[in-house]
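Enquirer: Structure in structure tokens, see below.
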Amino acid sequence: MTDKLVEQIRDALRVVIDPELGYNIVDLGFVYDISVLDGAVRIMMTATTPGCPAIHFLREGVANAAERVPGVRSIDIVMTFEPLWTPSCIEPVVRASLGFAAVN
Amino acid sequence: MIGASISRWTMSYFAMALAWLFVALALMVARVGFPAAHLASPDTLVLVHVVCIGWLSLAMCGALLQFVPVLVAKPLYSEKWALPALGLLTAGLVALLAGFLGLGGRLPAWHWLLPVGAVLLTAGFGLIVVDLGLTAWQRPAGPARFVLAGLASLCATVTFGAIFAFAHAGWAGSIGETILASGVPLHAIAGLGGWLTLTAMGVSYRLLSMFMLAPDVDDRNSSWTLAAGVFAITVAVVGGIFAIWLSSGLNAVLSVVAALGLATIALYGRDVSGIFRSRKRRQLELNTRMAVLSFVSLAATALLGVLLILTGAFAAQVGAFVFLVVFGWLSGLVLAKLYKIVAFLTWLETYGPVMGRAPTPRVQDLVAEERASKWFVIYHMAVWFGTLMLLADQAWAFRAASAMMMIGIVGIIREVIRTRQLADVQSPLRLPDGACAPHLLFARS
């Protein structure tokens, strides 16, 4: 049941995009972890650049998308830059379509 | 603080700056100021200050009000000071220009307008320096150090300018007269080299890294670039004042400054090349491609400066040299980044609040790069052609180049307005439920 809810939340988060890269934050690898305990959701996520003015909106967007999933009672979002996001976090198919160089 | 908020008045600064750039180009097309008039003529002073304060400084201040909090991941010291500063700077510039027009006999000779303009400009820049300085000082590392050096140079520039203004009005005594007679190169170096160039370099490090997903420049590398630049400005200001005091002439000081300036440009070129080489994003957006053209102008500036010094023609051709610095390097970079910043902030303002509730477009959907690129290319070609015509002393051909620049700028302004109006965003993504169209001249936040 919990695993199913996690996947439903992950799917819901695909409506949130990184405005600069133009892809959803799930495939870009911004979502580090989603955990659920009795409907209380904790999402650990990141962004490309600390200090970027988009971060506040990404965080709000994730909260907005997650709260629409049935079974979610509360949401706690943790924004972290450890580890730092790199393009290697992107799904390979998306990475190729974005024209990224080979990632070390 | 993890994310900076949207600067409410950055768009207002950009709009005012672009309006002044249009005024400057109109003056050039109308043959007001250099090369139709002497470099030190009141008409040229009008033109130079419209470009350097009205266009470049306002655009730089607007960008920094948004960008310094991003650099240091701290909120701006005071958002409330941004609009009063814009008002003071605009009023001060208008008074200064009226004073210059009075010097040239185009307006009544109300020389008191010059000190009034200087006081208003000092107050406006003072608010900006304190606001940005206190913000950047919270984490003085990486590109923020360049901004702090730029702000210190701005203080020196404004101080020189204020002394000149009071001296023109006869209120600065014999010391003021002496500084006015010899100190103009120091004022120009502190403004163009320190305030505008060092700040532009610092901001470009971070913007290029962000938009190309490249690692930040190693502080150990950029420290050498900054040290060379700061040393150049320090020698110009401190050494220059001593030289004026000793009545020894500025040649020795300016030679050292030129050598240090060349070293700064070379080191900056190394740093920027490193960012391009290490970028993860292979396809370059328009703003980056057009920034490359401004880097070409910066390299051309260095080469031109060396050639003019070696041939003993620098003093005779300083107008062409400064033209390339101002319109090729500084304006080229500012225009490229302004185009991107407007799109990015417009996206945040419009679509940020509805993220997670509705599908949203990408930042790139707000712009039409293919259509916009021709205006940038026209602008840069015109700048290079204009530089050559100044060197060849072809005033009429230079006027044609100015007209071409104006066409390019009008095209770019039109693109920026279309971005603010979301004119290139296709329905149904253009305005999802809950989204508000942005105001043209300020952010609604």
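Note: Cβ is positioned from N, Cα and C throughout, glycine not excepted.
Below are the features listed in TrEMBL for this protein:
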| type | residues | note |
| --- | --- | --- |
| TRANSMEM | B:12-34 | transmembrane segment |
| TRANSMEM | B:46-69 | transmembrane segment |
| TRANSMEM | B:81-103 | transmembrane segment |
| TRANSMEM | B:109-134 | transmembrane segment |
| TRANSMEM | B:146-167 | transmembrane segment |
| TRANSMEM | B:179-203 | transmembrane segment |
| TRANSMEM | B:224-246 | transmembrane segment |
| TRANSMEM | B:252-269 | transmembrane segment |
| TRANSMEM | B:290-314 | transmembrane segment |
| TRANSMEM | B:320-339 | transmembrane segment |
| TRANSMEM | B:375-392 | transmembrane segment |
| TRANSMEM | B:398-417 | transmembrane segment |
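Thinking about packing and proximity, how do these listed features fit into the structure?
Expert: With a cut-off of 8 Å between Cβ atoms, the residues of this chain six or more beyond the transmembrane segment (B:109-134) that come close are 53, 57, 61, 64-65, 68, 76-78, 81-82, 84-89, 91-100, 102-103, 147-148, 151, 154-155, 158, 161-162, 164-166, 168-171.
Sequence-distant contacts of the transmembrane segment (B:146-167) (same chain, six or more residues past either end, CB-CB distance under 8 Å): 57, 64, 68, 71, 96, 99, 114-115, 117-119, 121-122, 125-126, 128-129, 132-133, 136-137, 140, 176-177, 179-180, 183-184, 186-187, 190-191, 193-196, 198-199, 201-203, 205, 222, 226, 229-230, 233, 237.
Packing against the transmembrane segment (B:224-246) from elsewhere in the chain are residues 145-146, 149, 153, 156, 178-179, 182-183, 185-186, 189-190, 193-194, 197-198, 201-202, 252-254, 256-257, 260-261, 263-264, 267-268, 270-271: each is 6 or more residues past its ends and has a CB under 8 Å from a CB in it.
With a threshold of 8 Å between CB atoms, the same-chain residues lying at least 6 positions outside the transmembrane segment (B:290-314) that come near it are 204, 208, 258, 261-262, 265-266, 268-269, 272, 284, 320-321, 324-325, 328-333, 335-337, 339, 373, 376, 380, 383-384, 387.
The list of residues near the transmembrane segment (B:375-392) in space but at least 6 beyond its ends in sequence, with Cβ under 8 angstroms from a Cβ of it, reads 35, 286, 290, 293-294, 297, 300, 304, 317, 319-320, 323-324, 327-328, 331-332, 335-336, 339, 398, 400-402, 404-405, 407-412, 414-415.
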Enquirer: Applying the under-8 angstroms CB criterion, which one of B:12-34, B:46-69, B:179-203, B:320-339, B:398-417 scores highest with the transmembrane segment (B:81-103)?
Expert: B:46-69
Enquirer: Within this structure, do the transmembrane segment (B:12-34) and the transmembrane segment (B:398-417) have 3 or more Cβ pairs under 8 angstroms, counting pairs 6 or more apart in sequence?
Expert: yes
Enquirer: Take the transmembrane segment (B:179-203) and find every residue of the same chain, 6 or more past its ends, with a Cβ under 8 Å from one of its Cβ atoms.
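Expert: Distant Cβ neighbours of the transmembrane segment (B:179-203) are 40, 52, 56-57, 60, 63-64, 67, 143-147, 149-154, 156-157, 160-161, 163-164, 167-168, 172, 225-226, 229-230, 232-233, 236-237, 240-241, 244, 250, 254, 257, 261, 268, 322, 325-326, 329-330, 333-334, 337.
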